[in-house]
Amino acid sequence: MSYQVLASSQNDKVSKIVRPTTTYQPSIWGERFLQYSISDQDFSYKKQRVDELKEVVRREVFLECYDNVSYVLKIVDDVQRLGLSYHFENEIEKALQHIYDNTIHQNHKDEDLHDTSTRFRLLRQHGFMVSSNIFKIFKDEQGNFKECLITDIPGLLSLYEASHLSYIGENILDEALAFTTTHLHQFVKNEKTHPLSNEVLLALQRPIRKSLERLHARHYISSYENKICHNKTLLELAKLDFNLLQCLHRKELSQISRWWKEIDFVHKLPFARDRIVELYLWLLGVFHEPELSLARIISTKVIALASVADDIYDAYGTFEELELLTESINRWDLNCADQLRPECLQTFYKVLLNCYEEFESELGKEESYKVYYAREAMKRLLGAYFSEARWLHEGYFPSFDEHLKVSLISCGYTMMIVTSLIGMKDCVTKQDFEWLSKDPKIMRDCNILCRFMDDIVSHKFEQQRDHSPSTVESYMRQYGVSEQEACDELRKQVINSWKEINKAFLRPSNVPYPVLSLVLNFSRVMDLLYKDGDGYTHIGKETKNSVVALLIDQIP
């Protein structure tokens, strides 16, 4: 931490401006992603081969699978985990509906743990009503999971994955998670060379439900290739599709990197975090499909501006400067730029307003109304940043409940979900934006998850400088508990938020599906970047490895 002391003169009076700045780690990527090109001929060839393989899968894999439930489960699970589900949404829906209609009311006493757990997980992932009581057949007379299950590693792993689809109050799934976690940890400790050891290790680190789809696919493709019974067509398609999408994503990142260099915030606002690559990774974790390219580009630019704004309010601007900036943001008028001081705030303000104007042009007249909702969400976010700056300026210590009224906005996830929707074109309607503007419950659950995971791992670093209290400090004071007790309670609330998000998928859902998908995937990104530390501010090994896996290394 450092304090910048600047001199300013007004009416021949000299005053000192003290800025509680901090030093952030510079970008570790340099200009690596600035330029990228692929020959049109090579891209077209790969695209043609992908299309050919998709038809083979439809003709030879899905059309042959309905008579054997175990086979259906395996194909659907493999297709999803290989990152191919967006190509076969109709086929997957039809297959799962067939499984649901033909098995949900049957007696499953003779089923093995693996198939029961896989069916449960796949159906719940897609919103089908399926009771967790089906796992009672795997318990003994004392109500404990049977000891004989301990040696069934595929079954244990499948039950472990299924347990992450639980709702609040489903004790049997909580027990299943504890049971499987204990014995799977013991397995990887004792059986390091077992064929399933690496797959179990990855699952314990991050279950399917909390994994970024592309990152999970990257790992699973390698695992799938090593399976004796793998489908060669699916494997070839998965590899080609991953590499083809990576080309598109690299091209997008190159475009975004050039924009980032052009606005030159790295030099004009040197106090802010330089994380454009990590921010693109963030959005790549939310949606990866080719048709959502515009949504990724728009959303990455906006989250980059929000990150810079966070650093302006958090670690640079004086209260007076921030007050004027916030007033200007609310007015949203380029004529306000000239009154902003210092010059870097003018620069930020102009870039912010110009970006939203460009978004309107890119979307076209019929879609431009969506930008209004994104702009209002950004205003609200920066207003929350200012409320936290006011707490610091006034030395005010909010209660935990009072804190949440502001910090569930300042976490930024409502703004980002609204912004992500504006580039999704036909997927969303004006009613969806109106519904989101009313702060529905699923957004509160998503924001709780985001805010608490962030604060648990970052509050100590933030408190090293002048900083408003986090939810951790507010919880400690309101309830008179230790830091560890506060963090433990916030973690419990994160777990409950995951369970509420799971339940929101239950059909029929009153939540628009694009919103459900965004909530789930934004939550997954939090688990990647904030589970074991602030992997965004302090670029950790996992963040770096994820960038390499998704944006640098191709699959041979």
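Glycine is no exception: its Cβ is also placed from the backbone N, Cα and C atoms.
The (2E,6E)-farnesyl diphosphate binding site annotation in Swiss-Prot covers ARG273, ASP310, ASP314, ARG451, ASP454 and rests on similarity to another entry. ARG273 ((2E,6E)-farnesyl diphosphate binding site) falls within neither a helix nor a strand when secondary structure is assigned with DSSP, and so counts as coil.
In three-state terms derived from DSSP, ASP310 ((2E,6E)-farnesyl diphosphate binding site) belongs to a helical segment. If you look up Swiss-Prot, you'll see ASP310, ASP314 marked as Mg(2+) 1 binding site.
Sequence-distant contacts of ASP310 ((2E,6E)-farnesyl diphosphate binding site), defined as residues of its own chain at least six apart whose C-beta falls under 8 angstroms from its C-beta, comprise TYR385, GLY412. Taken from Swiss-Prot, the feature Mg(2+) 2 binding site applies to ASP310, ASP314.
Positions annotated as Mg(2+) 3 binding site by Swiss-Prot: ASP454, SER458, GLU462. According to DSSP, ASP454 ((2E,6E)-farnesyl diphosphate binding site) sits within a helical segment. Sequence-distant neighbours of ASP454 ((2E,6E)-farnesyl diphosphate binding site) (same chain, 6+ residues apart, CB-CB distance under 8 A): CYS411, MET526, TYR530, ASP534.
According to Swiss-Prot, the motif 'DDXXD motif' annotation covers 310-314, on the basis of similarity to another entry. Among residues of the same chain six or more beyond the motif 'DDXXD motif' (310-314), those with a C-beta under 8 A of the stretch's C-beta atoms are 24, 269, 271-273, 322, 325, 345, 348, 382, 385-386, 388-389, 412, 462, 467.
In this structure, the CA atom of ASP314 ((2E,6E)-farnesyl diphosphate binding site) is 13 Å away from the CA atom of SER458 (Mg(2+) 3 binding site). Taking CA atoms as the reference points, SER458 (Mg(2+) 3 binding site) and ARG273 ((2E,6E)-farnesyl diphosphate binding site) are 15 Å apart. For ARG273 ((2E,6E)-farnesyl diphosphate binding site), the same-chain residues 6+ apart in sequence whose C-beta sits under 8 angstroms from its C-beta are TYR24, SER307, VAL308, ASP311, TYR536, THR537. The average pLDDT for the motif 'DDXXD motif' (310-314) in the predicted structure is 96. The least crowded of the binding-site residues ASP314, ARG451, SER458, judged by other CB atoms within 10 A of its own CB, is SER458.
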